[in-house]
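All remarks here apply to the structure that follows.
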Amino acid sequence: MIYDPNTFSNINEVKTTHLDLNFIVDFKRKILDAVVTLKLVTLVDNVNKIILDTRYLNIKSVSCCGAQLKHNLADINEKFGSALHIQLNDNLSVNTEFDLIINYCTSEQGTAVQWLEPIQTSGKKHPYLFTQCQAIHARSLVPCQDTPAFKLSYHASVQVPQPLRALMSAVEVGEENVDNNTKIYKFEQTVKIPSYLIALAVGNLVGKKIGPRSTVWTEPEVVESAAWEFVDTEKFIEIGEKLLTPYEWKKYDLLVLPASFPYGGMENPCLTFVTPTLLAGDRSLVDVVSHEISHSWMGNLVTTLNWEHFWLNEGWTVFIERKIMGRLHGEATAEFDAIIGWRALEQDIELFGESNVLTALTPKLKDVDPDDSFSSVPYEKGFNFLYHIQKVIGGPQNFEPYMKAHVQEFTGKSITTDDWKRFLYSFVEKNFPEKKADLDNVQWDAWLHAPGMPPVKNEFDDTLAKACNELAERWHCARDNQVFDEFSPDDIKNFTPGQTMVFLERLFEFSPLPFPVIEALNKFYCFMDVRNSEIRFRWQQVCLKSEYEPIFPHVVKFVTEQGRMKYVRPLYRLLNQTKNGSELAKKTFRENKSFYHPIAAAMIEKDILK
């Protein structure tokens with residue numbers, strides 16, 4: 001039995017193997033007028049109905065073999081949408097292959113698609129749309145079995161108004177002019193993917209080649225700076241191939257989205273979506289790309305079976321990302337990043353609550369929207385679990401061959417934690433039998449099922465962290481006498497951006513800071529003027545925790561010029577918690593709600609209005 005608590009579809013009776021998608025993009029009505037053909041196969045005998053996931057879709061007709069089928073939409077469920085019940089005309093036996101054709105259109109209420117007015121784009125002249133289907137939002141783009149348990153290929157035809165261009169998580173295979181006003185782009189994804197990796201973007205887009213298999217796409221106004229920022233992309237891919245297996249997806253393109261994109265990146269195959277907040281002008285934030293490239297294996301080839309095992313996607317991806325960073329910049333840099341990740345984990349577990357079941361590595365998500373469980377837990381707790389197991393089985397020299405074997409074993413499959421654990425044991429017993437006893441002694445239940453921080457705190461190389469911590473301690477000591485003669489801009493002149501981030505994180509732990517300390521910090525280090533979004537974010541956190549009101553306009557500017565949830569959710573929460581900023585936080589959100597992606601808007605609303 002396949003178990004996924006977050007789908008309505010009858011996944012134990014029928015399976016989708018392929019989609020043919022036809023979209024007509026209508027910017028005036030803000031809908032996609034669509035036809036989808038689902039290629040299905042029965043898994044058992046006597047199948048007489050199909051149940052699909054939908055959310056705010058208008059279903060016009062359903063047919064099979066030329067005959068119209070009876071169908072009805074169940075009442076809307078706030079978390080999971082509406083089940084589409086389709087009655088077949090016959091009872092189908094096991095292994096029967098058949099097609100369903102559904103005519104439908106999306107709606108403005110759908111959560112997968114964000115429609116942007118021209119003013120919300122860099123060029124200010126053309127509208128724009130993009131999708132975000134992870135975790136369970138594909139159902140508001142297309143009626144489907146919206147579960148990572150099944151993987152499918154797809155073809156797509158997308159009709160757009162000229163001069164706009166369509167891009168998808170697939171390889172473009174053709175384009176044609178319908179007339180002077182309309183163009184059709186055609187796509188093909190032959191590597192099977194889960195529904196959450198279907199992605200579409202339409203806008204005034206241009207591309208610039210940055211490597212043998214990579215093009216960066218964005219609006220013309222941004223393309224040169226984006227191409228410069230991401231020029232090292234091929235290095236990440238090559239290291240990933242050396243660590244794991246050959247890259248399977250033919251191309252690795254990047255799409256720099258408008259500012260409202262709610263994530264740092266989204267690993268859509270062939271076309272990673274990234275936030276423009278990565279365009280720091282100094283390539284200091286492009287390591288996010290190494291994370292998304294790592295997903296080309298961990299998540300996209302080897303996929304969680306359901307969202308309760310999301311750590312198999314993200315914990316593994318962070319682990320591979322840091323392997324890539326170690327190869328490029330040295331192990332001290334990779335382990336320094338792990339220290340930053342540990343602090344992010346501590347903050348999220350404090351926010352959720354140490355005993356909150358959603359902080360378990362494999363949380364129970366029955367009746368839970370996966371978006372509500374989103375945190376650094378699957379990323380950083382998952383990474384720390386794998387780092388611990390690496391040490392247990394004898395270090396990188398033993399673990400790295402296992403990483404490759406893991407991908408080879410599970411490529412094209414959707415797996416659970418039990419599947420992962422069984423193969424880990426079989427690999428260790430075959431290759432390092434002397435390590436099985438050590439593996440038996442791992443605190444499996446505590447790591448996988450207990451809420452809160454991991455049962456083991458890994459020791460990381462803190463060489464790069466020492467200078468940050470020492471400087472923060474000096475400022476902490478200066479808060480009482482408020483004499484700042486010993487400080488100067490030279491204090492952080494040789495810091496990497498990551499070291500400046502850790503310095504600010506330590507100050508956040510010490511805050512609230514007296515206002516003279518805040519003002520001296522800015523005098524020496526010019527944090528108010530910094531462009532790097534990670535540093536800007538942490539500086540504003542320090543100021544808000546100290547209730548330093550001159551920061552309020554800067555916070556409002558930051559949260560309204562970009563919509564990345566990593567930044568906007570904590571800043572809105574902190575502003576809302578200040579004595580004189582609560583109404584400003586609520587007012588700012590209400591006035592700018594339409595700017596944010598629907599996923600981000602819903603989460604911010606829960607954070608500060610409910």
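Residue numbers in this text run from 1 along the chain shown.
For all residues, glycine too, the Cβ spot is worked out from N, Cα and C.
Curation plays no part in TrEMBL annotations; they are all automatic predictions.
As recorded in TrEMBL:
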ACT_SITE  GLU292  active site, proton acceptor
ACT_SITE  TYR379  active site, proton donor
BINDING   GLN132, CYS133, GLN134, PRO262, TYR263, GLY264, GLY265, MET266, GLU267, ARG564, MET565, LYS566  peptide binding site
BINDING   HIS291, HIS295, GLU314  Zn(2+) binding site
DOMAIN    463-608  domain 'Peptidase M1 leukotriene A4 hydrolase/aminopeptidase C-terminal'
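Cα spacing between GLU267 (peptide binding site) and GLU292 (active site, proton acceptor): 5 Å, rounded to the nearest whole number. For HIS291 (Zn(2+) binding site), other Cβ atoms within 10 Å of its Cβ number 23. Taking Cβ-Cβ distances under 8 Å and a sequence separation of 6 or more, the neighbours of the residue listed as 'active site, proton acceptor' in its chain are GLY265, MET266, GLU267, THR272, VAL274. Applying DSSP to the domain 'Peptidase M1 leukotriene A4 hydrolase/aminopeptidase C-terminal' (463-608) sorts its residues as follows: 115 helix, 0 strand, 31 coil. Of all the recorded positions given, namely GLN132, GLN134, TYR263, TYR379, MET565, those whose Cα is no farther than the 10 Å limit from the Cα of GLU314 (Zn(2+) binding site) are TYR379. Spatially close to TYR263 (peptide binding site) yet at least six residues away along the chain are GLN132, PHE273, THR275, ARG564, MET565, LYS566, judged by Cβ distances under 8 angstroms.
Separating the Cα atoms of HIS291 (Zn(2+) binding site) and GLN134 (peptide binding site) is a whole-number distance of 16 Å. With GLN132, CYS133, GLN134, PRO262, TYR263, GLY264, GLY265, MET266, GLU267, ARG564, MET565, LYS566 listed as the residues that bind peptide, the site has a largest C-alpha separation of 18 Å. Taking the Cβ of MET565 (peptide binding site) as centre and 10 Å as the limit, one finds 21 other Cβ atoms among all the protein chains shown. Residue density at GLY265 (peptide binding site): 20 other Cβ atoms are found within 10 A of its Cβ, drawing on all protein chains shown. Around GLU314 (Zn(2+) binding site), a 10 Å sphere centred on its CB holds 23 further CB atoms from the protein chains shown. Residues belonging to the domain 'Peptidase M1 leukotriene A4 hydrolase/aminopeptidase C-terminal' (463-608) score a mean pLDDT of 96 in the model. Excluding the listed site residues HIS291, HIS295, GLU314, the same chain places GLU267, GLU292, SER294, MET298, GLY299, ASN313, TRP316, THR317, VAL318, GLU321, TYR379 with Cβ atoms within 8 Å of the centre of the Zn(2+) site Cβ atoms. Within the same chain, residues at least 6 positions away in sequence whose Cβ sits under 8 Å from that of GLN134 (peptide binding site) are TYR196, LEU197, MET266.
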